[in-house]
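The domain 'Major facilitator superfamily (MFS) profile' annotation in TrEMBL covers 1-409. Annotation source TrEMBL lists transmembrane segment at 37-57, 64-83, 89-111, 123-145, 157-175, 214-237, 257-277, 289-310, 316-338, 350-374, 386-405.
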């Protein structure tokens, strides 16, 4: 919906008289209303994070994530109706979308714990977290095209609902909660998945040491870095279309293309970082995570801080700078994510679910920063203040990693020694 804001404000269907006698679009939301629509998603995600995490542990991911998908599809398809009829109803729809969105990061953690071999966790994280930039590429391009076509902005919500239905249908027929029961997993693959893991990785009745986790300094530092990294990501996803269109004066079609290409460009960097993290064993794991955290947080903070000082006469330089920021941010799968995984082991799904909670907080934090520093969306100077606040805090998070990051498992993970699991029968064995 963030990109649709640009198109919606030009829709005069149902326009009302403004204070100066001119017609005012009912879809031309104020900065406060835009922030409220974002906060509604954040509140919904906060409400949904703990229940979804509990349901994943108790019932598995397959049906629970499907239910979240159905809720999201229905809410998305109802958005144009709500926007046209009642602002409060629109806030409720956004709240429901937030509840469904809470299922995303927790399912990533479950898949990593149950399906990822120990030496491929960074790759799994990189592939699974690619949904955000990949979705931004697709939705921005599709929304940009539909907004400027005869179909209008409403069609964007319907098209995405249909596409989402197809995706969740594929999820239901392809995914299994247990590698042991999946018909396509061979004994060799199962042995690779289970190697080095304990029964706790697969136990649905495990006790989660919440108190010990939230008081672990390495995990707190991981979540702090994740919070600032996600805040930066939300800043880019939510406000860069407005900044590029309003301040740098890119047309809507070019803005859609720019946002899409900047998100697509990061994919090789994300997978490259995962490959180095998983496969280059000659470098100490802690050193690797610090290097990649410095790239994804430290260097990014400096580049992003400079974005607000580029004038519209150099707007293409701003585009390349945004591409660089997105590309370098994508290496976080080998940074703070790895610290969280090393420390928490079989509880990595809880750590990643907590990162989702960090994203909820970021959905409040970023609009608040923008609301406090930007009163005129066309004023580059005001935007530069917002960029500098974000970059400064991200730099602080990066420095804290040098003090608290570790690659050693926490004491609360050492409940039992890894052992061998029964392998699948010969029906799925590879022919040797």
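Cβ coordinates are placed from backbone N, Cα and C, and glycine is handled just like the others.
Please treat TrEMBL annotations as automatic predictions, because they have not gone through curation.
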(message) Do any residues, 6 or more residues outside the transmembrane segment (289-310), come within under 8 Å Cβ-to-Cβ of it, and if so which ones?
(response) 225, 228-229, 232, 248, 273, 276-277, 317-318, 321-322, 324-325, 328-336, 338-339, 342, 380-381, 383-388, 390-392, 394-395, 397-399, 401-402, 405, 407
(request) Six or more residues out from either end of the transmembrane segment (37-57), which same-chain residues have a Cβ under 8 Å from its Cβ atoms? (result) 1-2, 29, 64-65, 68, 90-92, 94-103, 106-107, 110, 204, 206, 208, 238, 349-350, 353, 356-357, 359-364, 366-367
(request) Could you check if the transmembrane segment (89-111) is in contact with the transmembrane segment (157-175), meaning 3+ Cβ pairs under 8 Å among residue pairs at least 6 apart in sequence? (result) no
(message) If I count Cβ-Cβ pairs under 8 A between the transmembrane segment (350-374) and each of 64-83, 123-145, 214-237, 316-338, 386-405, which range comes out on top?
(response) 214-237
(message) At a Cβ cut-off of 8 Å, and with pairs 6 or more apart in sequence only, do we get at least 3 pairs between the transmembrane segment (214-237) and the transmembrane segment (64-83), yes or no?
(response) no
(message) What residues elsewhere in the chain lie close to the transmembrane segment (64-83), defined as a C-beta under 8 angstroms and at least 6 residues from its ends?
(response) 1, 8, 27, 48, 52, 55-56, 89-90, 92-94, 96-97, 99-104, 107, 153-154, 157-158, 160-161, 164-165, 167-168, 171-172, 175
